[in-house]
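Contents: one structure, followed by commentary.
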Amino acid sequence: MTNRLLVAYSLVGIIYNVFLMVSSIVFVRAFNPEAIGEYFYLVFLSSAICNIALFGNATYINKHLQLGTGANLQSRLVVFSFLSIAIYLIILTKSDQSFSGLYVFMILFEAGLLKVVKDRIFTSYLRSLNRLSAYSFFLIGSSVLRLSVTFVIFKYEIKIEHAIILYFIITLFFSLIAFAALINLKEGFGDVSISNYCRDGSPYFIATVFTMLYDYVPVLFLKYFNGSSVEIAYYVSSYKIISIFILGLAIVSPVFLQYQRKIYLKEKHGKNVMSGAIFLILALSILYLPIFLFLQFNSSFVIGLIFGSEYDGAESTLRAISYCIWGSSINFIAFATFQALDLQKLVPKIVGPFALANLVATYYAAPMGSSSVAVVFAVSILGSAAISFYILLKRNICERRAFLDRGAIL
């Protein structure tokens, strides 16, 4: 894929995620913290379930689609759907939620299984075909429709149960389009048992586990060990604010990775690659400084402006979690650089210990509320970022010395 095409796909991804983010912010503002906390607990729970049920097969499918070798995609979707729905049914029979069973199932189904098919599997399929126009229409069209419906929900004060139904219908509509296209895929069915499914996906599942320990543990532990839906709402609302500032990096990092990779393959050494990454990290740190300071000293104003006075209790949570802006920006750049230099094995070694520490510390912090959980999350992110930057800096110094030694010999 050319740089221009990769940039185009990244731009579509940015537009799509911006629309979704705005939609999510408006949705949070439309309802009280207790309802929002219960809703997003189910969203995070469903996402966690689907990541476990996928067992790394989303990455496996994506890699094989890019290679054009096929991946028994339809058979893997059947196994994934079976595992996801089985867990959903167990949750419905065992859990006690403020929403009725039908609404719980709609949230789980919409935020998990349907979203995976629509946003991960089908979009990977379109990218493998280089169908940029279809990719753009599908993603941007679905996000614009969701955003429009969200504004209607907010303006006319529609009940959250009815909002759940509307979201479910939208996602189901676009997921059916995705299913229809994937069903017609040649060589999609094959002999894929659950053992084969787990074996093929397991190499990619390790990284997913570490990501889950960061992404899902705070919300799930607040639910299980604190019990307050309001605290979940405070955490989610604060996290969404800082996501505004790190979203672009998450989506553009593949472009940066490919750019760094080309430099490395051309020069046969990583000196300039790592120097460029360090310069970008320092530049972003300077750029983010006024944003960080503004959030620190005006957290109450920001929370009230975006979500309303009902979320004033999230002030301390926002101040704590805003430190993640620094850590996330460093990690996105450093990890892309490591991959460009064929050092991707460093990533789980860096993230793993801090992800496990985040799990343990969050267990003790959750009973104290969202601000304590946010502190733990920020410390773990900053810790991994510090190690990433140290390795980047140390290897850059070693590369420069080796480069100078080679020059002296010549």
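Cβ atoms are placed via backbone N, Cα and C, with glycine included.
Noted in TrEMBL for the protein shown:
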TRANSMEM  7-27  transmembrane segment
TRANSMEM  39-61  transmembrane segment
TRANSMEM  73-92  transmembrane segment
TRANSMEM  98-117  transmembrane segment
TRANSMEM  137-158  transmembrane segment
TRANSMEM  164-183  transmembrane segment
TRANSMEM  204-226  transmembrane segment
TRANSMEM  232-257  transmembrane segment
TRANSMEM  278-308  transmembrane segment
TRANSMEM  320-338  transmembrane segment
TRANSMEM  372-393  transmembrane segment
Problem set entry | Best-contacting stretch, by C-beta pairs under 8 Å, relative to the transmembrane segment (164-183) and drawn from 7-27, 39-61, 73-92, 278-308, 320-338 | 73-92
Problem set entry | Chain residues in Cβ proximity to the transmembrane segment (39-61) (below 8 Å; excluding those fewer than six residues from its ends, i.e. six or more beyond) | 31, 71, 73, 76, 79-80, 83-84, 87-88, 91, 97, 99, 104, 107-109, 111-113, 115-116, 120-121, 124, 160, 164, 197-198, 200-206, 208, 211-212, 215-216, 219-220, 223, 229, 232-233, 236
Exercise. The transmembrane segment (137-158) and the transmembrane segment (98-117): do they have three or more Cβ pairs under 8 Å, with pairs 6 or more apart in sequence?
Worked result: no
Problem set entry | Tertiary contacts of the transmembrane segment (204-226), as residues 6+ beyond its ends and Cβ separation under 8 Å | 40-41, 44-45, 47-48, 51-52, 54-60, 232, 235-236, 347-348, 351-352, 355-356, 358-359, 362-363, 366-370, 373-374, 376-377, 380-381
Exercise. Should the transmembrane segment (7-27) and the transmembrane segment (372-393) be scored as in contact, given a threshold of at least 3 Cβ pairs under 8 Å and pairs 6 or more apart?
Worked result: no
Exercise. For the transmembrane segment (278-308) against the transmembrane segment (137-158), do we get 3 or more Cβ-Cβ pairs below 8 Å once near-sequence pairs (under 6 apart) are dropped?
Worked result: no
